[in-house]
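Peer 1: Let me give you the structure first, and then I'll get to my questions.
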Amino acid sequence: MAEQKATNVTWHEHHVSKEQRCQQNGHKGAVLWFTGLSGSGKSTIANTVDHKLFEKGKHTFVLDGDNVRMGLNKNLGFSPEDRTENIRRIGEVSKLYTDAGILVMTAFISPYREDRDQVREILGDGEFIEIFVKASLETCEERDPKGLYKKARAGEIKGFTGIDAPYEEPEKAELILDSDGKGIDELADEVVAYLESNGYLTYP
Ligand SMILES: Nc1ncnc2c1ncn2[C@@H]1O[C@H](COP(=O)(O)OS(=O)(=O)O)[C@@H](OP(=O)(O)O)[C@H]1O
Ligand SMILES: Nc1ncnc2c1ncn2[C@@H]1O[C@H](COP(=O)(O)OP(=O)(O)O)[C@@H](O)[C@H]1O
């Protein structure tokens with residue numbers, strides 16, 4: 001975990017508590033952490049879940065890999081250290097959303113188990129829902145919507161996840177989505193059903 005550099009800083013308690021915000025929203029705040037290979041379906045499924053929850057009147061947001069890398073994390077690349085810092089920052093941002101009583105969906109490869117576990121640690125009990133979007137490398141390479149696997153196979157991209165950089169599968173995911181065998185809508189419904197049956201969509 002990164003060390004805190006600043007010394008003369010003091011934590012401020014909010015006047016409006018997380019509980020009050022959740023009460024007003026009528027549901028809990030939590031992070032739905034989608035992880036999986038490039039092309040596994042993280043972004044599409046997260047956005048479909050977002051849409052379904054939005055239509056139910058829930059307060060939601062999606063943090064997406066490519067978009068965050070164009071702004072907040074534009075100074076980071078794909079070395080193991082930069083990926084770790086990428087995930088650490090997204091973890092902290094997700095925590096802010098969760099504290100605001102929002103259901104936030106993140107769509108990052110997040111290839112290292114330890115990095116995902118660190119995010120789980122900074123969130124409260126039950127606030128981190130790890131969702132493994134499981135698709136074989138063959139499926140992802142076949143989809144290859146951005147042509148990146150082709151480039152990685154041709155040696156034009158070095159350190160591409162699944163080709164010459166690792167992906168460590170989750171061992172304690174709350175949910176595993178079979179993206180090889182099922183369609184987007186069915187998988188998004190599985191996520192919504194999980195939230196419903198585990199009490200996330202109501203408060204208290
Ligand atoms: N070397 C390498 N390895 C993996 N992915 C690469 C790489 N270079 C660029 N891209 C594109 O960046 C997207 C992944 O960014 P993430 O922030 O999710 O990656 S990570 O969590 O920090 O590993 C990923 O997007 P998704 O396809 O949405 O996963 C790729 O489009
Ligand atoms: N379960 C699925 N069934 C069919 N197509 C899928 C499925 N999941 C994703 N796709 C398609 O694969 C492509 C990559 O999905 P995307 O959500 O961008 O993946 P990721 O965010 O993990 O890189 C998109 O064109 C998407 O429509």
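Each Cβ is built from the backbone N, Cα and C atoms, and glycine gets one as well.
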Peer 1: Looking at 1-22, 23-44, 155-176, which stretch does TrEMBL describe as region 'Disordered'?
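Peer 2: Going through 1-22, 23-44, 155-176 one by one, TrEMBL gives region 'Disordered' for 1-22.
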Peer 1: Residues near the ATP site, G36, L37, S38, G39, S40, G41, K42, S43 excluded, by Cβ within 8 Å of the Cβ center?
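Peer 2: Going along the sequence, the neighbours appear as F34, A107, I109, V133, A135, C140, S179.
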Peer 1: So, in DSSP terms, is G41 (ATP binding site) helix, strand, or coil?
Peer 2: coil
Peer 1: Residue list, the compositional bias 'Polar residues' (1-10) vs rest of chain: Cβ under 8 Å, 6 or more residues beyond ends.
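Peer 2: Counting only partners 6 or more residues beyond its ends, the compositional bias 'Polar residues' (1-10) has Cβ contacts under 8 Å with 85, 88, 118.
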Peer 1: Can you tell me which of L37, S38, S40, G41, S43, S110, our recorded positions, come within under 6 Å of ligand 1 at the Cβ?
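Peer 2: Only S38, S43, S110 qualify.
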Peer 1: Provide the number of Cβ atoms within 10 Å of the Cβ of K42 (ATP binding site), excluding the reference atom itself.
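Peer 2: Other Cβ atoms within 10 Å of K42 (ATP binding site): 28.
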